[in-house]
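A.B. asks: First the structure, which I've put down as structure tokens, then a few questions once you've had a look.
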Amino acid sequence: MKERDSESFESLSQVLPNTSNPAHMIQMAMANSGSSAAAPPRQDQHDRSKWLLDCPEPPSPWHELKIQVKESFLTKAKRFKSLQKQPLPKRILSILQAVFPIFGWCRNYKLTMFKNDLMAGLTLASLCIPQSIGYATLAKLDPQYGLYSSVVPPLIYALMGTSREIAIGPVAVVSLLLSSMLQELIDPETDPLGYKKLVLTTTFFAGIFQASFGIFRLGFLVDFLSHAAIVGFMGGAAIVIGLQQLKGLLGITNFTTNTDIVSVLRAVWRSCHQQWSPHTFILGCSFLSFILIARFIGKRNKKLFWLPAIAPLISVVVSTLMVFLTKADEHGVKTVRHIRGGLNPISINDLEFNTPHLGHIAKIGLIVAVVALTEAIAVGRSFAGIKGYRLDGNKEMVAIGVMNVLGSFTSCYAATGSFSRTAVNFAAGCETAMSNIVMAVTVFIALECLTRLLYYTPIAILASIILSALPGLIDINEAIHIWKIDKLDFLALIGAFFGVLFGSVEIGLLVAVVISFAKIILISIRPGIETLGRIPGTDIFADTDQYPMSVKTPGVLICRVKSALLCFANASSIEERIMRWINEEEEDENTKSNDERKILFVVLDMSNLMNVDTSGITALVELHNNLIQNGIELVIVNPKWHVFHKLNQAKFVSKIGGRVYLTIGEALDACFGLKV
């Protein structure tokens, strides 16, 4: 009967148009909007609305967690069953390939690939040896510990890692993290043995955390440090590291243990007025210039990629000969002196688990684990994308974690993937992780045979090598790119940068994480809402500000919530904004007559809304009551499963008369039918 009455009304309205009737205005606007699709039968529309109203209850968060865990175990169980069906030799090989990827790629390994890996590994070792010594001094350890960390960890990673290009070893940022945070517990100058034990224990905890992230698939924890925060943190850390190298470059004896820029510059200023070595400064600056020039030439001519790689080693050899022949160590030039050679000594007994600082050490280990993983995975994914293969993030975490745990047993401190050395490895034409094995063997030979020759190596050269590697950590172009794209991301970058520069490494990381979380919360709950209009010639409703050509439907205010969460933080603002729009529409007397101004419906599109809390539901109830008092009806479109369930539980759906629809078009058709 209602359908017949509606059809009679429509046929009558075509003969006798009535512009003062708001319902007729809605019909005419919908007809003139250019929609080529015919309106769906009202019975089908009613059925679809009933589907939405009668949908089952969504699963609880606990139930969803159980399903995820169950699926994870089922996947592993299926793999285990498929393994059981295979013959025993093939089953053993599959297990070995899953744990040690080297068993997968070594079957297709060829002599030509080994030639490329051999050249890449030797080139890598020529850069790694001087850098490792320098990074060990940055970590406030004896030089040999940097070399130790370039032997065992690369070998373990070559067995368990999935990246073909990544070069493993000590890096500047992790070395700075360890020295800046652990020296607050023990002074490395007064108690070097106790400090070394804390470094090894921290490395052990870092490895445990890293392996746990991979085993339990907790890689999302690494993403708490956004790309912008990492760029800012790396830039600030590079400047702090560079300022600390002024101690070696100037030959200063007494220097501050603080890492902030103010304390370091104050210490440099005081030392320059007291005692510093001009010979050391001239020597260090000369070889720093040589390394930077070699790097510039290597960038300009790709065929000379090997020149910046071997420039640090050449600097070490030449400067050592110069000091030895001129006896410059007797004239104020400080040298490395004794470096303990030989294979890595076992250090299991050096791990300190009975120390009162154990909780603090575990916290530092977690920070080191996250920063090291972030750098390694970012480097590995970058070069994997260039080569066109996929990097397994979970296996990478397990591999890096295991190599650091075993490294802590063999006198190694925290190692990870180095961007500068990985770039050299890639440019040298590496094919597989065999280049890491070649590098580790070369470093081991250097430990056995060449450590005595480094007795006269100047400290200034190690400072120069570290300084030459720092420009790669400061990415100004990326900072400008982030500023152009996302100002909130740039705020995280600046916060991390200045936090490291003027505070400490911990403060910089904390500021970066806090700003990143604040950005997520702000985007999720900011009171975003937009008015919608129909795009001419389509059934699409879009933002009227973004698409000025979109047509508003007279008598209907269509708006969409842009926030993912309707909660205590934004619900009142959204309610007030809708009422303000209605009042503005009602008070616009310049171009519209009284009948045209009347708002009959507010259609609220909830397609973007992922969840709603009790404050959000209360705001919706208040909005509905205010609309009813003004003679306006509220209609809801496309609420998500959990949102609809909560609204239904709060009896809100029944309060609005069950006016819940799948699309805006169906909501308008239903509204027009109700008014008719």
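Backbone N, Cα and C define each Cβ position, glycine as well.
Quick paste from TrEMBL:
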{"type": "COMPBIAS", "residues": "28-39", "note": "compositional bias 'Low complexity'"}
{"type": "DOMAIN", "residues": "566-671", "note": "domain 'STAS'"}
{"type": "REGION", "residues": "23-52", "note": "region 'Disordered'"}
{"type": "TRANSMEM", "residues": "166-186", "note": "transmembrane segment"}
{"type": "TRANSMEM", "residues": "198-218", "note": "transmembrane segment"}
{"type": "TRANSMEM", "residues": "224-243", "note": "transmembrane segment"}
{"type": "TRANSMEM", "residues": "281-298", "note": "transmembrane segment"}
{"type": "TRANSMEM", "residues": "305-325", "note": "transmembrane segment"}
{"type": "TRANSMEM", "residues": "361-384", "note": "transmembrane segment"}
{"type": "TRANSMEM", "residues": "396-416", "note": "transmembrane segment"}
{"type": "TRANSMEM", "residues": "422-446", "note": "transmembrane segment"}
{"type": "TRANSMEM", "residues": "453-474", "note": "transmembrane segment"}
{"type": "TRANSMEM", "residues": "494-518", "note": "transmembrane segment"}
A.B. asks: Test of understanding: applying the rule of at least three C-beta pairs under 8 Å (pairs 6 or more apart in sequence), is the transmembrane segment (422-446) touching the transmembrane segment (396-416)?
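C.D. replies: Contact between the transmembrane segment (396-416) and the transmembrane segment (422-446): absent.
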A.B. asks: Using a Cβ-Cβ cut-off of under 8 Å, list the residues of the same chain that are 6+ residues beyond the ends of the transmembrane segment (361-384) and lie near it.
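C.D. replies: 162-166, 171, 173-174, 177-178, 181-182, 185, 198, 201-210, 213, 221-222, 224-225, 227, 230, 233, 352, 355, 390-391, 393, 396-397, 400-401, 404, 414-419, 422, 426, 506, 509.
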A.B. asks: With DSSP as the yardstick, break the domain 'STAS' (566-671) down into helix, strand and coil residue counts.
C.D. replies: 58 helix, 15 strand, 33 coil
A.B. asks: On the 0 to 100 pLDDT scale, where does the domain 'STAS' (566-671) sit on average?
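C.D. replies: Across the residues of the domain 'STAS' (566-671) the model's pLDDT averages 86 on the 0 to 100 scale.
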A.B. asks: Residue list, the transmembrane segment (166-186) vs rest of chain: Cβ under 8 Å, 6 or more residues beyond ends.
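C.D. replies: For the transmembrane segment (166-186), the nonlocal Cβ contacts are 124, 128, 131-132, 135-136, 138-140, 146, 149-150, 153-154, 157, 194-195, 198-199, 202, 233-234, 237-238, 240-241, 244, 257, 259, 357, 360-361, 364, 367-368, 371-372, 375-376, 379-380, 383, 403, 413-418, 421-422, 424-425, 433, 435-436, 439, 466, 469-470, 473, 504-506.
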A.B. asks: Report, as numbers and ranges, which residues of the same chain sit near the transmembrane segment (198-218): CB under 8 Å and 6 or more residues beyond its ends.
C.D. replies: 72, 139, 141, 145, 178, 182, 185-186, 347, 350-353, 355, 357, 361-362, 364-366, 368-370, 372-373, 393-408, 411-414
A.B. asks: Near the transmembrane segment (494-518), which residues from the same chain, at least 6 beyond its ends, have a CB less than 8 A from one of its CBs?
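C.D. replies: 176-177, 180-181, 224-226, 228-230, 232-233, 235-237, 239-240, 258-262, 367, 371, 488.
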A.B. asks: In the same chain, which residue numbers or ranges, 6 or more beyond the ends of the transmembrane segment (453-474), come under 8 angstroms Cβ to Cβ?
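C.D. replies: Answer is 130-131, 133-135, 137-138, 143, 172-173, 234-235, 237-239, 241-242, 245-249, 251, 280-281, 283-285, 287-288, 291-292, 295, 312, 315-316, 319-320, 323-324, 328-329, 333-339, 419-420, 423.
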